[in-house]
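Listed features, source Swiss-Prot:
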| type | residues | note |
| --- | --- | --- |
| DISULFID | 3-19 | disulfide bond |
| DISULFID | 10-22 | disulfide bond |
| DISULFID | 18-42 | disulfide bond |
| DISULFID | 24-40 | disulfide bond |
């Protein structure tokens, strides 16, 4: 299965498909909401 390259927007349903990590700007508390609205992007593995 191909992984999503860095910079690809990642959502709750596919955040595990990032080649690295799904990175959200505002920390863990906002994470579910941010994933919902598309604020998170794949980035280097944390």
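Any Cβ shown, glycine's included, is placed from N, Cα and C.
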Point to revise | Cβ contacts of residue 24 (disulfide bond) (under 8 Å, same chain, 6 or more positions away) | key: 30, 31, 34, 35, 39, 40
**Study point:** Assigned element (helix, strand, coil) containing residue 22 (disulfide bond), judged by DSSP
**Key:** strand
Point to revise | Nearest-integer angstrom distance between the alpha carbons (Cα) of residue 3 (disulfide bond) and residue 18 (disulfide bond) | key: 5
Revision key, fill the gap. Expressed in Å to no decimal places, the gap between the Cα atoms of residue 10 (disulfide bond) and residue 19 (disulfide bond) is 11
Exercise for review: Determine, to the nearest whole angstrom, how far the Cα atom of residue 42 (disulfide bond) is from the Cα atom of residue 22 (disulfide bond).
Suggested key: 4
Practice item. Report, as a single number, how many Cβ atoms besides its own are within 10 Å of the Cβ of residue 3 (disulfide bond). Key: 12
Point to revise | Secondary structure at residue 42 (disulfide bond), reduced by DSSP to three states | key: strand
